[in-house]
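Per TrEMBL, these features apply:
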REGION    1-24  region 'Disordered'
TRANSMEM  37-61  transmembrane segment
TRANSMEM  241-265  transmembrane segment
TRANSMEM  271-301  transmembrane segment
TRANSMEM  321-345  transmembrane segment
TRANSMEM  418-443  transmembrane segment
TRANSMEM  464-484  transmembrane segment
TRANSMEM  563-587  transmembrane segment
TRANSMEM  608-628  transmembrane segment
Amino acid sequence: MNDTEKPADTPSEEEDFGDPRTYDPDFKGPVSNRSCTDVLCCMIFLLCIVGYIVLGLVAWVHGDPRRAAYPTDSQGHFCGQKGTPNENKTILFYFNLLRCTSPSVLLNLQCPTTQICVSKCPEKFLTYVEMQLLYTKDKSHWEDYRQFCKTTAKPVKSLTQLLLDDDCPTAIFPSKPFLQRCFPDFSTRNGTLTIGSKMVFQDGNGGTRSVIELGAANGINKLLDAKSLGLKVFEDYATTWYWILIGLTIAMVLSWIFLILLRFIAGCLFWVFMIGVIGIIGYVIILCIIEVIVILMLIFLRNRIRVAIILLKEGSKAIGYVPSTLVYPALTFILLSICICYWVVTAVFLATSGVPVYKVIAPEGHCIHENQTCDPEIFNTTEIAKACPGALCNFAFYGGKSLYHQYIPTFHVYNLFVFLWLINFVVALGQCALAGAFATYYWAMKKPDDIPRYPLFTAFGRAIRYHTGSLAFGSLIIALIQMFKIVLEYLDHRLKRTQNTLSKFLQCCLRCCFWCLENAIKFLNRNAYIMIAIYGRNFCRSAKDAFNLLMRNVLKVAVTDEVTYFVLFLGKILVAGSIGVLAFLFFTQRLPVIAQGPASLNYYWVPLLTVILGSYLIAHGFFSVYAMCVETIFICFLEDLERNDGSAARPYYVSQPLLKIFQEENPQTKQQ
């Protein structure tokens, strides 16, 4: 290659991607003398946070989580709340569940019938008329029945008067509690749906009803089965939580070991993984073409792969010299947990904001005023009570007509958007802080002597003090894309029944486009944060500089990043898979020699999947630091090659193994 030729991976029009860096004798790594960047975005971000806090306070004033935790009877009283007459009555009972068979009514858990709080659900079939006949012989039957009636109920009313006063249900049937509400105790007998082993029952009004008429409530039975499953899962967690923690601890240790091994035998590990992948692909004849492509890529890109392996080793060295970076994921986890908890609490308080709203309910559903808003205090003196004898003014839901209540849907959207912005900001802050620490490591000529004390703490302080606006800018872009994706999923859910093949295809294309856009922006943002950590410039300038630098080295970037991430992904799989195999053998009682596992599990897959997923997340936390380290070192490496020439006056900061590989690929570096 002569002096006029450019390296193979340099674009033909270099000026399109800016001029290469020039030598600066004063540049020694991350700039110390810097100023605040993207101040306007910082102010907007801080105002949004202040508004978010105000929203949380307002929601706290108007909301009441008890409305979500406790069911509410027809008088607007909570069931099971301490210090009230309903303290020991924790379950909501419906007088006429046949009026609740609409699926939409079941989803809202509200029904146009009288509802009272009870201590337990009915366990047998019994009508009010049957109870009266038994009452004449044994008064204890009324004591059993009256617990499902209002406190003013009497056992000697006629059926007509009972319907008019609505003091008691006309009939009760076997039920069991779910979500603190009594629902039919469905079961299947010889393939037929039954309640308490019966297919028909008396409704208390002189008619016979079929279980089919409550068929819309059959979904509740499935939910009850799910509840039983949930209880068993909870029991398994209560039995195995100690062993789960041990498994996650082992996963953490394995992640440390893997990082250490990458420092010494990264090349060996990579080729072992690649040979394994090729062997697995070779078992499937249809994938032979893919195998040939993989082999050709390995042959033609072997030098780039060597660069990636050296970068992995350099990453291990950097983490070894700055070990505090491995603790940083814990801080990120704490900050993310705070954001998630605040979002959930605010959403709950917003959802439970409002005052009790009462609606007119007619016993038989024949009233022109039914479902109108009413006031229970004066209902009996209104024209509605006269026009519809037997009509009641019962609690329906929580709501309101004030300005605050009208904008609750908007507040929910704001709550979600700021939550996404904060989550991405926390991630961006971590990436910028880690990039600053690893850049400090790279630009130290004599390692570790020239590495200043507490590089991670210094980089974190710089990011917060000077670049909150820039990090907020980058995270805002990601939050907007994620918000569009959520809106798209929401529209897809609402319009699912009206979609045709073309609309489904277009939505699938939009999902794919947004996914690609989000990942592309995340990649550019990471590199922009590295530039911010090094030079302290604003987001747009840093993103442009990072993009130009990467495009001037486009092939090295593409191959090195993909190979590096692939090796790290294999590391995550290795950690999660190893712990998963041990957990499987342990929880299935196949390791009695080492330790005796729990013998009373309902489902061994519950702790097994928990350990596997937790191990993967732990490994991901460690290797995300590693990935940021490698990416920062690579950006600094490209900058180093443009700034310096390897002479005594302008020596490279890059390690000798990485420099040697680059010189083998670019002979002109030796000639400079």
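Using N, Cα and C of the backbone, Cβ positions are placed for all residues, glycine too.
From a predicted model like this one, the values you see are computed outputs, not experimental measurements.
Same-chain neighbours of the transmembrane segment (464-484): 34-46, 416-417, 420-421, 423-425, 427-429, 432, 514, 517-518, 521-522, 525, 528-529, 532, 536, 538-540, 542-543, counting only residues six or more beyond its ends whose CB sits under 8 Å from a CB of the stretch.
In summary, the transmembrane segment (321-345) lies against the transmembrane segment (608-628): three or more C-beta pairs, each 6 or more positions apart in sequence, are under 8 Å. Of the candidate ranges 241-265, 418-443, 563-587, 608-628, 418-443 has the most C-beta pairs within less than 8 angstroms of the transmembrane segment (37-61).
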